[in-house]
Structure formats: structure tokens, C-alpha cells
Amino acid sequence: RPYACELIVAAGPCMFFISAFYYSKGANKCYPFTYSGCRGNANRFKTIEECRRTCVV
């Protein structure tokens, strides 16, 4: 799995509200979350399909 899949979700400190998806290693599932628009980390995907394709085993 890519490094992004090992990271915990991080929404970031900014004030935008962007729908995104993150991977939960413990559950081996992708979930929706609201990204703030800055910082965060690589565990952020535009679609649930992209998240699943990248991380779910």
C-alpha cells in the first residue's frame, strides 16, 4: 500500500469545506470527511473509488 494509506486523517486548519475521502487502516475502509483546503496530508482522495483503488486490500 502507498504511504498515504498509512496516515491518519488530517482535515487541516483552513476555513474551506471540501468534500473528500480518507482511508482508515484499522477498518480497511474509506470514509467521507471535510477537508479544510490547506495542509492536511496525503490520505485525502477526491472520490471514494480513488480511495478504494489506492488503499483497500
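Using the three backbone atoms N, Cα and C, a Cβ is placed for every residue, glycine included.
For Cys38, the disulfide partner named by Swiss-Prot from the candidate list Cys14, Cys55 is Cys14. Cα of Cys38 (disulfide bond) to Cα of Cys30 (disulfide bond): a span of 20 Å. Counting every protein chain shown, 11 other Cβ atoms lie within 10 Å of the Cβ of Cys38 (disulfide bond). Across the domain 'BPTI/Kunitz inhibitor' (5-55), DSSP assigns 10 helix, 15 strand, 26 coil. Sorted by the number of other CB atoms within 10 A, the disulfide-bonded residues Cys5, Cys14, Cys55 start with Cys14, the lowest.
When pLDDT values are averaged over the domain 'BPTI/Kunitz inhibitor' (5-55), the model yields 98.
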